[in-house]
Amino acid sequence: VLLLMSVGTSVTQDPMVLLSVPSVILIGSDVNVLVDHAASTEDVSVVVRAEEFLTKKQLATQTITLTQLDPAIATLKLGFDIENPDKTNSASTKHHVRLVAKVESKSFNKEITAHALLSYRSGHVVVQTDKPIYTPDEKVKYRMFPMNREDVHRIPVRQSMTVDIVNADGVIVERQIKTIKATDEGIVDGTSFTIPAISKHGTWKIFARMSGAPNINSSAEFDVREYILPTFEVKINPKQRVFHINDEEFVVDITANYFNQELVSGTAYVRYFLENGDVPKLVDSSSTTLVAGEGLSILKKEKLLKLFPNAKDLLAFSLTIKTTVLSSQAAETEEAELVGIKIVESRYQITATKTSRYFKPELPYFIQVEVRNADGSPSKEVDVVAKVQVGSATINPQKMRTDSNGLTSFTVTPPNVNQLTVTVRTDERHPSNEQGELVYTAQKYASASYMHIDVTRIMRLGETLNVFLTAKTTQLNAVTHFTYMVLTRGVIVKTNRKTKESGGGPSNVRIPITPDMAPRFRFLAYYILPGGEIVADSVTVEVTELCKSQVSLSLKGRPTLEPKAMLTLDLIGEPDARVGLLAVDQAVYAVNRKHRLTQDRVWKAMETFDTGCTAEGGAGRPGVFSDAGLALITSKGLNTTDRSEIGCPKVPSRKPRQLSMLQIRREAEKYTQEFRKCCVDGLKMSPTGQGCEERLKRVTGPKECVDAFLQCCKKAEEYRKSESLGAKTVLRRNDFMELDLMNEDEVNMMAYFPQSWGWNKYKNSCKYGRHPQIRLQLPDTITTWNMQAVSISKTRGVCLADPLLLVSTKDFFIKLHLPYSVKRGEQTEIRVILYNYMEESLTILTEMDIVESICSTSKSGAKPSQKSTVKGKGAMVVSFPIVPLKIGEHHISIRSRVYGRTFGDGVQKILRVAPEGVRDIRSESRSVHVEERETFFIKNEISPDVVPNSDVLTFISVKGDELAETMVNCLDAKSISNLIQIPTGCGEQNMIKMAPTTLTLIYLDSVQEWEKIGLHRREEAIGFLKQGYSRELSYRKADHSYAAFIKRPSSTWLTAFVVKVYSLAKRVIIVDNQELCGPVEWIIKNRQNSDGSYREDGPVIHREMQGGVGGTEGHVSMTAFILIGIQQAQEYCGVSVPNYKQSMNRAVQFLASKVSDLKRMYTIAITRYALALQDPESEAAHSSWKKLENRTTFESKGHRYWKAEETSHVLRMSAISVEATAYGLLTYLRKKDYESAREIVDWLTEQRNYGGGFQSTQDTILALQAMAQYKMDSSSKELIDVQLEITSPKNNFEKKMKITEETRFVQEPHKIPPGGNITIKASGRGTFTLSIMSVFNKVAPSSKSCSTFDLKVTMTEADDGESPQGRLGWFDGKRRRRRDIGDEGGVEAVYRMNMCTRYKPRKEDLSSESGMTIIEVNMLTGFIPDKNDLIQLKESVDKYISNYEITDSVLIIYWDKVPSTEDYCFAFKIKQMLRSDMIQPVTASVYDYYSPADKCTRLYNLPGGYVELSPLCQNDLCQCVEVSCPAKKPKFDTSITVLHRQEAACVAGIDYAYVGIVDNRTEVGSFVYYTVNIQTVIKSGQDQAIQPKATRLFIVTRSCDGRLGMETPRQYLLMGRKGETKDRNDRFQYVLDASSWVEQWPVDEKCNQPNVQTFCAIKREYEFSMQIQGCSS
């Protein structure tokens, strides 16, 4: 950084001092202070120093002496230890440094000061991952390329970098400290990490920051989700980027190519939709044939005009194209979608962002414009005309043509006028109204003296830039020289003087273009006139080809190779450059093209260092400097304004025009705009299949809306009936449709083959940049590999080579297609595709290896096999049906051998088998204080609900702060969903999310902990809060009250909650006083009763948001809650709102009058806090305090809390208890009793779930507020330094970790085996929080806890009659059937899900209707819900649901309320996307939003149930499945001897042998539970507690139960393996499988019967023998 100071003298005037310094300087950088001394004959001493802005602490100083005309440089180094003066806002970069130059000579003394904004961005780190997308449990590799800002080509060494791995919820899951070593030579390898098996899908980030710059992060992003690699890539390529409303057709090219460059032939099914944020409207669907990978589809304009006769109404929409391509070679299906195709009137957009808005009369004025298509892409080779007008006169009109980037430029020389009007317009072969046009006004430069810089604006590296400087002034003879500077990335890299040419002609400066000027630099020059006037100008020059030919890859030999082939690469680059290599499967980029490292991304990172704000000079002398990123200070008062922001001010954008929509049907035209939607919704067919009269019951609103809906609905019904009498055409299902549709989320990744490889580093150590040849071996994948080289050198910085594409293929090969996962016991198909690219046909034998625990069609132990003939240049599919019997990963191996040939192919991939049931999560938290040493235990027992023989994943995480886990989940919308683990999806969710974010910002600002979480998170949270505030204002009514939606009645409680949050938010963002005080005034005027209480006339939708407010003593708790909100706003509104204090006093009097009668714990707690806020010494406050203290509950661990009543109407106990305890904690903090408060905090900490939240929203928000207040109020900050040793002796698990101040906010989850106790040994000092979470599949009950709701779920096949008919078809939406490949492209089947529920109120309920109600539907394997149906159910005026969400195969549906007097029913379709049989039943649950534990759960399945073996099951497959079942021995079979039974009981692995009577049989989900009363214990095994008459559970799968045939109350001999789990009574339970022995065993009373006497003799001998000998013999 250079500080330029000029001292000028004249004979008649005092000398002038000029300081020009970059307005943003870098912490830790060298500040080169250039002192330019002119026209002096004496020595000048200059003392230059840098100071902290507020404290004036001297940071650095140097003294230099100038002699005559020689300039000098003083170098100051700013360290990294500059104190941050704004402790409460440590994430902000608004801190200044004062630079002072004191000039002394015999005749002159002057001190002048400049201020520069301090930037912490000392460098940038380019981060590269080995691919852009991963699945859970996959390893991520990354590397970093660190660069300096001052010199991006100087590789920093011996600095440390902090690397944070941040998950999709914004939580730091891992922190790594990396030291840049000299041996790294520019490429720092990160420590690879594995994504946890249980991870939320979304975008993860790797943040890397240099030491000394804690708030500047460089990042790389990657996506995490389950995905597949497609078989081939489909591309949609419109001939035009936009659809113009005057075009008659829209032509689209459809291309499809395999990733080995082979072309796909087949059929493309193309659908066109109009979208504007509402339900997509199908415009047209058609099919086209693909020949050699290419096909053509055309959308006629007339199709659009059928929906909107007025073409301009289409401008409100965008066009979406979806296509499904079915290959004729192998009947494989892939899809593509192109969204956001604009429908426009103008084809082009013209901007001039790089052109100055100020001109200098009689000097050249340079104008550069950028022309883009309406979709934002560059308009290449487009004719442009330009004219400049002065009044009515036009100056030199010009015609140009854009280059490949859409750029063109021209120069004019304007006369001496004050204003120019510049008009630039495209001149293509389109009508005039379709051209693009830009009109702007340029103003005259403010000074009467000018300077002009004439340069070539784009230069290549290595060229020499000729700069011509021209001065225009009436004092031209006084100008002797120019001073110029070259700035790049905010740094002055070059400065000098140039003597002015005699005669006033242009003075030439030659500037060699060097790498440090790339990718863009500024040239600024000025001269000084007598009297001190400074005349300046600046220009921006682009530098290209910095990386051209600096790094490249080439392949020796042919570019097409076979898998496993060795290849030789030539790597050409800069000498001594370090190069990182990477090869990625092109199919990966087809799945996700985002997050790739590109050269453009590197350039943009470098450009962010530029502190200038415009491309050219500003309005006047100071503007030229400030716009170039410089501060200018002179002793004559000509100064720039101190810079306040690192970035540039944003230019306000023009608001988009609002486009009206034409009514879409003539029926709708009969109604006014207000009620038109009512008619349109009536025209649509209901997904529920209900008639108009039934639908009418759900229509709310004015009578006109109801009438419009009914009339239009009846007309549509009549029309459908008339059309249904006509002929129907149905596309029949073709044979190829029996194959699975490839779906991105269901198909397994190619785990056997790498998706990326070649992750190595090389050094160009040879001369001329040629590296020794690199030899690599290709993986086995048939694909094209995208090989990339990234180079970092001292001369060029970071450069990327053009990708080298390596095709890996064979003439004959096979591909194995597997779903991502299947459930145990479900029948599915293994699909193998045989590709033959030879000319002749091949006869092939394809075999599948036998896999233990997977049933297939093998016979007598032989491999399943199929013989097939594949034509030349063709493909064929062979399938192997299987039924997996064991959970886990199984290797599926396929081999194909060609008859008569010596070649073949083989593939092995992993099939993931998941357990039955539904996923469940159990969590526990504990707060631990350590003084020196502490040992404690946590139970880690396996739940009795776990699916038999399935895995339990248990994770344990530790954080060194009670609030850490909660805080990091409060900073953005996605993370809050992790904090509050209940559904969100209605209007009030905005406040649910704003409140915790606000509290977190206040807390972290107060305790100055942003650095440990990540300083970038503060700006993100501020932005999120601002968006929330802006969004919440849309719910405000004209009278300043609030409701969930504008049309709903105003809610007192919600308005008060808004007041509370706004009062807090004002501490961190700008909240208009009227927006805060208006709601307070509304409450006081409209919602306060005569007795001082506040009332609620319009309840919120989220009644759960209210927490304990409401129910018994609701009028008291409501008044207390509202009073608290008004109290918090008092400092802002106490004066402006009339009757403010009077209202509060009346509310206090009301509460005081009720204290003695209060019974509910929650009401006591909130009332006490409200009274304490108003007057803690009042009699009512003391009285309520006594009540609160008397109701305190103490735990043995020293914790204290307040237990709410279990019969509470509003919430289940734990949530209300948390909320009451939070108010209790706030009360103790008001009394400054921190010792007791600590005990309360400990209890609250242990109530949290794994994500840091509690049971609901209000208790989470209140607990966060109270705990944060405790942390802020505590007198001293508790430091932490704790060593932990976590062990589980039963599982041989041991993990050691350390928690320090640096890592206290880092959450590192560790996987721990389930079962047994966990021992935690802690040593050191500090407090930490330990959280444990278990994730498992639990047995889905057929019904559960249906005391609050009833629920019915039925499934029916979708009826052909639901297909859209004629003109009403687009209203009804596409009714997709199994056969409709043209509509859906691979949907296997369509079913209708019918759901009915009813509320069952309790005696103490005050309402006969539920509050906000949720239905959670777990989707059947391979099925997805029909979104169009769901949207219609939500958006139509006969509204059936309030909202819906789809996450991770779970559909969540919201209702405002459910009645108790009748069933509330609706229906929607579900579509089968993956072929599967023997589908396991899954659950649907209904519950009240604010009481998620009280669920009513029902099982559902397809019609027919598929509980037994599928009728499609082949004989061999069925027999295999049956073999896995326990086989009941023949009844009273005397051929089975005593010895046979003894051997069976004593064989290895058999743990028990019991005789017991079956008391009960219960079906639970996919399993049957038998309750057995044990009569005789023959062999007890591990179950040492078992005795006769004891009860044990025996479990068998429902698919096996029919063969087993156990009956009540018969007696059986049962032998089998040990029980892995225990029931709720801590008793072992046993799974019956193929190793089990089940035999009917007669009771003694039956042994007198002749037909069983022989068998009974064997029975007695066996029992006696086992009792005497056991298994010892």
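Numbers run from 1 along the shown chain.
Note that Cβ sites are derived from N, Cα and C of the backbone, with glycine treated the same way.
The shown structure was predicted, so the numbers you read here are calculated from the model rather than taken from an experiment.
DSSP assigns Cys678 (disulfide bond) to a helix in the three-state reduction. If you look up Swiss-Prot, you'll see Cys678-Cys705 (among others) marked as disulfide bond.
The disulfide bond annotation in Swiss-Prot covers Cys679-Cys712 (among others).
In three-state terms derived from DSSP, Cys713 (disulfide bond) belongs to a helical segment. Cβ neighbour count for Cys713 (disulfide bond): 25 (other Cβ atoms within 10 Å of its Cβ, all protein chains included). Positions annotated as disulfide bond by Swiss-Prot, on the basis of similarity to another entry: Cys692-Cys713 (among others).
The disulfide bond annotation in Swiss-Prot covers Cys1525-Cys1600 (among others). Under DSSP, Cys1600 (disulfide bond) is assigned to a helix (H, G or I) in the three-state scheme.
Of all Cβ atoms in the shown protein chains, 17 besides its own fall within 10 Å of the Cβ of Cys1546 (disulfide bond). Annotation source Swiss-Prot lists disulfide bond at Cys1546-Cys1671 (among others), citing similarity to another entry.
Taken from Swiss-Prot, the feature domain 'Anaphylatoxin-like' applies to 678-713.
The average pLDDT computed over the domain 'NTR' (1525-1671) stands at 89. Swiss-Prot lists 1525-1671 with the feature domain 'NTR'.
For Asn217 (among others), the entry in Swiss-Prot reads N-linked glycosylation site.
Under the heading N-linked glycosylation site, Swiss-Prot lists Asn639 (among others), citing sequence analysis as support. Asn639 (N-linked glycosylation site) carries neither a helix nor a strand DSSP state and counts as coil. Packing around Asn639 (N-linked glycosylation site) is summarised by its Cβ count: 15 other Cβ atoms lie within 10 angstroms of its Cβ, all protein chains included.
DSSP gives Asn1190 (N-linked glycosylation site) a helix state. Feature annotation from Swiss-Prot assigns N-linked glycosylation site to Asn1190 (among others).
The feature N-linked glycosylation site is assigned by Swiss-Prot to Asn1317 (among others). According to DSSP, Asn1317 (N-linked glycosylation site) is assigned to a strand segment.
Same-chain residues at least 6 positions away in sequence with a Cβ under 8 Å from that of Asn1560 (N-linked glycosylation site) are, in sequence order, Tyr1570, Thr1571, Thr1608. Annotated N-linked glycosylation site per Swiss-Prot: Asn1560 (among others), in sequence order.
The signal peptide feature in Swiss-Prot is assigned to 1-13.
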I need the CA-to-CA distance for Cys1600 (disulfide bond) versus Cys712 (disulfide bond), whole Å please.
54
DSSP three-state assignment for Cys1671 (disulfide bond):
coil
Rank aside, I only need the closest one: which of the recorded positions Asn639, Cys679, Cys713, Asn1190, Asn1317 has its C-alpha nearest to that of Cys1525 (disulfide bond)?
Asn1317
How far is it from Asn1317 (N-linked glycosylation site) to Cys692 (disulfide bond), counting Cα to Cα, in Å?
61
Proximal residue to Cys713 (disulfide bond) among recorded positions Asn639, Cys678, Cys679, Asn1190, Cys1671 (C-alpha distance)
Cys679
Below 8 Å Cβ to Cβ and six or more residues apart, same chain only. Which residues does that give for Cys1671 (disulfide bond)?
Gln1542, Ala1545, Cys1546, Lys1579
Checking the recorded positions Asn639, Cys678, Cys705, Asn1190 against Cys712 (disulfide bond) with a 10 Å Cα-Cα cut-off, in sequence order, leaves Cys678
Between Asn1190 (N-linked glycosylation site) and Cys705 (disulfide bond), find the distance joining the two CA atoms and give it rounded to the nearest Å.
57
When DSSP is mapped onto helix/strand/coil, what comes out for Cys705 (disulfide bond)?
helix
Specify the count of other C-beta atoms within 10 Å of the C-beta of Cys1600 (disulfide bond).
22
Find, for the listed glycosylation sites Asn1190, Asn1317, the residue with the lowest Cβ contact count at a 10 Å cut-off, counting only other Cβ atoms.
Asn1190
At a 10 Å cut-off from the C-beta of Cys1525 (disulfide bond), count the other C-beta atoms across all protein chains.
20
Here the Cα-Cα span from Cys678 (disulfide bond) to Cys692 (disulfide bond), rounded to a whole number of angstrom, reaches 13
Rounded to the nearest Å - Cα separation of Asn639 (N-linked glycosylation site) and Cys705 (disulfide bond)
65
Same-chain residues at least 6 apart in sequence with Cβ under 8 Å of the Cβ of Cys705 (disulfide bond), in sequence order, are Phe675, Cys678, Val699, Val1437
Any idea what DSSP makes of Cys1525 (disulfide bond), helix, strand or coil?
coil
